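J.: Supplied in structure tokens, the structure appears directly below.
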There are 2 protein chains.
Amino acid sequence: MFSYTLRALYRNINTCSLSGIKSRNFSRNIPWRNYGSAHLSREKETKAVTDSSKVKEIIDSYDTYLLDMDGTLWGTDHYSSIPGTPKAIEFLRKQGKEILFVTNNSFHSNSHYLNKFKSQGFEAEEDHVFGVAYAAALYLKEMLNVTGQVYVLGTHGMEDELNKFGLQHFGFGPDPDVSSLLVENLLNMEFRENVQAVLMGFDKDFHYNKIYKAASYLMDPNCHFVATNDVEIAVKIAPNRMQPTTGSLIQSVVAASKRKPTVVGKPHTLMFDCIMEKFPKTNPKRTLFVGDSLKADIRFANNVDIDSVLVLTGANTMKDLKDYPDAIPNFVMSSFAEFCIP
Amino acid sequence: MFSYTLRALYRNINTCSLSGIKSRNFSRNIPWRNYGSAHLSREKETKAVTDSSKVKEIIDSYDTYLLDMDGTLWGTDHYSSIPGTPKAIEFLRKQGKEILFVTNNSFHSNSHYLNKFKSQGFEAEEDHVFGVAYAAALYLKEMLNVTGQVYVLGTHGMEDELNKFGLQHFGFGPDPDVSSLLVENLLNMEFRENVQAVLMGFDKDFHYNKIYKAASYLMDPNCHFVATNDVEIAVKIAPNRMQPTTGSLIQSVVAASKRKPTVVGKPHTLMFDCIMEKFPKTNPKRTLFVGDSLKADIRFANNVDIDSVLVLTGANTMKDLKDYPDAIPNFVMSSFAEFCIP
């Protein structure tokens, strides 16, 4: 039972600079957002928390808990459970805490996650879930004011969210055209009018024709290019099997179109804009992010200027901390389950 | 009728440094290759050639002519002719010049190009053609000594060349497995034993499953990763249509596998190794490269230390010269057709 600082890990880092992280695009008019450069260059101490009195102190310090899902509430393989996480949610709720769920996973709609939660042993309201499929639809509809067609490379979970926002869209599933190298065949493929955005997520039907169509629509500089996430590149699902995810798929479209997408997911800040829009009374100073990924979760917390906990049940270990000098958590805990104090 | 130097274009460039170009991987044991750093940092003058007496002087200075194809012998759209190019080939041959053809196009086998030449009005021997499909097969078989399976994302032209070299391969055409996001389905997909290389070219059937399989095979550090070309990213085939090519497709596999391929095509130097292997009497000092692309052709000539002509019938114009300070041709001519002196 001890608590110690991890400053030694950062002995080569004089300032916790956030330079190198993409600047925010969407938050110019949001009054609660107030980053001072002094704050951004502060030196932060990361504390490894192994003492339940320290956990109690943390719980007392925050009212809103933003929880990552894959690797934090269950395994990164989406199958295995993490013992004690439902109990920790229950415990925090009993203390009167607001718990919101924030995921970069673009497989599913927000409503899908409610069933997933039930299967894990807890429940939530749909508007407490902030998935990238939902956030992308919100961004297209309410921030970009898209009224025309959206060409989508993604999953049916994304389709559900676009439908909820009344957005016109197409592109889900296998591409309908026969593939060809011949210019005359390429020119005869199906192209729609008034395509105002290309939206990319995790697409199991990603195909040459889709890269061609996305790159062609993106030749129009007024056509928006939005991606759900970019830091999740590939997941090792077996010792010799690597499952590519959105971050790798977007690279072919980025190359062919010579354009970079606006990215909705963590560590980019749009998700926090969505949270503040739905829960405007949230006080960022009393909000804690809990997640397993330094490059997505902890960078996100750093970018939106809230405190954070790295949990060691997923993507990263203690020794990874030195590899991400721009992703510094306030605390490291072995698991989110530690938030349940006996 | 005048000739002038283009030094003004380079007034901001003190040395013609080749830094930034990838180092050569394959030529360590080739005795004719002898780059001195003094040479690499020489200052080169580019001359715009508009005077037939200057053309005669150039012709007299070189015995071997390496000709790019798309954009040099015919249009970059692969359809339109460039007037006078067959006559120029005929004229150079009458002067006793050796003419070799060097292309990054991975659509076709070398033998295919002989028919293309005929349709354009001239002929050639198959072993005078250096296509990336041929060079990739040569590299896998004779330099990497691959004896096992090659997983190929490419065209049937590549298949033909691999067959000629007796290489075992698979992967052409649409992927046979039903696409899925589910880990259990991904793990049940077809994977072969003893895959010693992943070879990527232009693949009209490029698909999520192929990225998954390529990235999985590439988890074995002994599995080679080879690509036919990387500078050809996408081709504008209509005002609002962008055809992606190999350089964009490889980016998804590069991201998912966290590996970079060895690239066979120009501006990388392997093609010149192939030329020297087949035509060992070639004198690099009396060899001229003629091509339309600064980033592929002229950089290639610079990399292998031979002289070069930029022709203005394809990818680049005069004003592009300033954008590629590491790709400096010796001469600029309006067309390869100018090599036919009346």
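Backbone N, Cα and C atoms are what each Cβ position is placed from, and that goes for glycine too.
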J.: Out of A:D220, A:D230, A:D273, A:D292, which one does TrEMBL list together with A:D68, A:D70 for Mg(2+)?
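T.: Checking A:D220, A:D230, A:D273, A:D292 against TrEMBL: the Mg(2+) site match is A:D292.
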J.: Using other CB atoms within 10 angstroms as the count, which residue among the binding-site residues A:D68, A:D70, A:D292 scores least?
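T.: Among the binding-site residues A:D68, A:D70, A:D292, the sparsest Cβ neighbourhood within 10 Å belongs to A:D70.
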J.: I want to check the contact list for A:K266 (substrate binding site): same chain, sequence separation of six or more, C-beta distance under 8 angstroms. What comes out?
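T.: When sequence neighbours closer than 6 are ignored, A:K266 (substrate binding site) has A:D68, A:V102, A:N104, A:N229, A:V231, A:G291, A:S293, A:A296, A:D297, A:R299, A:F300 within Cβ distance under 8 Å.
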